[in-house]
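Student: One structure is given below, represented as structure tokens, and several questions about it will come after.
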Amino acid sequence: MRADLAVSYGEERLPRYTSYPTAPHFSPVIDAGTYARWLSELPAGASASLYLHVPFCREMCWYCGCHTQIVRRDDLIAAYQRTLRSEIALVAETIGRRIKVEHIHFGGGTPTIMAPEAFAELMAAMRQAFFVLPSAEIAVEIDPRTLTADMVEAMRLSGVNRASLGVQSFDPIVQRAINRIQSFEQTAAVVDMLRHAGIAGINFDLIYGLPHQTVASCLDTVRRSLLLAPDRFSVFGYAHVPDFKKHQRMINQGALPDGPARHDQACAIANALKEAGYVQIGLDHFARPDDSMAVAFEERTLRRNFQGYTTDQGEVLLGFGASAIGHLPQGYVQNEVQIGAYAQSIGASRLATAKGYGLTDDDRLRADIIERIMCEFSADLGDICARHGAEPEAMLKSASRLKPLISDGVVRLDGDRLAVANDSRFLVRSVAAAFDAHLDPGKQLHSRAV
């Protein structure tokens, strides 16, 4: 990507578009009653994906942007697990039938902070409440520093078949600056343990733009990671938002790479992974050519949801736990963020919905366009608009932010078909943002575009 474009567009604060509209536009107008009605209206034959949020960690990583908190007492974790089980039963009862489940994802926080038997009980509760297909993908986010052999065995017995390992960086200087000391040897031992247990799908999460990070240290992390041969990589740019995440104030802002340096790091990582045979997928994922995500990318069936890129084709995502977000045909719902408020609602047999968003026809049209841009670096506006009963000319007229992108060669427009230039793919969020009718550039709610 041209360095001048990285400077002119890369500093913009834009959504990652894991939803449209994005979470800052959720409103308390959508409440527990709305969610209950939406659940009861799910069409017969609908299948779902499940997301379970476990908002606990043993220590705080200073770069973290997730909803989590430090916990020392195991009884608090056990109580939260019981609340999750109650919420699962409550949602299933509200739906009124045992719907099919094709994907389950445990996120956090650190989901593997639960006791192994508690994890197994939670999986059993889901299988009782829903019909989890034998082919379902069951994925768990893992902190390699705290994973135990007993938890791996519980995961194996529960049918887990994919694990996402937080790596971020193997550079000890960077690790000290973000309060996450994690050796290569620790990570390698966990990968070996998982594979020995038959959990074959291995993802690594890497981050660029961290304090004291350089192109050389990023490439060294990639080199070491490749020795462990994960199936997928997620490569994110660090989002420094200390006004929203107070613990990020522990990071020395003066040690953060500037925009051009972030661009160089992102390009270096991408080039190294592609040279190693991985397929670049969308904004921030890389996968082996035979991986299901690479196949979905090639077949143009890739989707995007709150976990990032996914092969999940479902239109229903049920979120469980404090702060969890769900997606239904009618719109989005988000649970109470505070654990106490969440537990109080579920304890009273009430859905814990705090806010959400009801989709309009225009939202659905724009969401489809944005998702295709984010997943394929292109969009056939004529085809998408026809499916929604809209005119592509009107949509293009409303996308005034496209004009400079076209002038700068970031985007090519051939009739109604839009495509992001190959050397500008890191700016795909800027292209998607052209179709975002809710975006307020004056509000610094999101991370840098690069």
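Any Cβ shown, glycine's included, is placed from N, Cα and C.
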Student: Of I269, I281, I325, which does Swiss-Prot put in the S-adenosyl-L-methionine 1 site with Y51, G108, E141?
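Tutor: So the S-adenosyl-L-methionine 1 site in Swiss-Prot includes Y51, G108, E141 plus, from the candidates I269, I281, I325, I325.
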Student: Pick from R97, R156, R180: which one does Swiss-Prot list with Y63, G109, T110, Q168, D205, A239 for the same S-adenosyl-L-methionine 2 site?
Tutor: R180
Student: To the nearest whole angstrom, state the Cα distance for the pair T110 (S-adenosyl-L-methionine 2 binding site) and I325 (S-adenosyl-L-methionine 1 binding site).
Tutor: 17
Student: Quick one: give me the count of other CB atoms within 10 A of the CB of R180 (S-adenosyl-L-methionine 2 binding site).
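Tutor: Counting Cβ neighbours of R180 (S-adenosyl-L-methionine 2 binding site) within 10 Å gives 21.
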Student: Non-local Cβ contacts of Y63 (S-adenosyl-L-methionine 2 binding site) (under 8 Å, 6 or more apart, same chain)?
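Tutor: For Y63 (S-adenosyl-L-methionine 2 binding site), the qualifying residues are Q168, I178, R180, I207, L210, Y238, Q248, I251.
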Student: Do me a favour and check the Cα-Cα span between I325 (S-adenosyl-L-methionine 1 binding site) and G109 (S-adenosyl-L-methionine 2 binding site); whole Å is fine.
Tutor: 15
Student: Around the recorded [4Fe-4S] cluster site, report the further residues of that chain (criterion: Cβ within 8 Å of the mean position of the Cβ atoms of C57, C61, C64; site residues excluded), sequence-ordered.
Tutor: E59, M60, W62, Y63, C66, T68, T110, R180, H247
Student: In which DSSP state, out of helix, strand and coil, do we find G108 (S-adenosyl-L-methionine 1 binding site)?
Tutor: strand
Student: Might you list, by sequence position, any residue in that chain lying six or more from C57 ([4Fe-4S] cluster binding site) with a Cβ less than 8 Å away from its Cβ?
Tutor: C64, T68, Q69, I70, V71, G108, G109, T110, I113, D143
Student: How long is the line from the C-alpha of D205 (S-adenosyl-L-methionine 2 binding site) to the C-alpha of E141 (S-adenosyl-L-methionine 1 binding site), rounded to the nearest angstrom?
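Tutor: That comes out at 10 Å between the alpha carbons.
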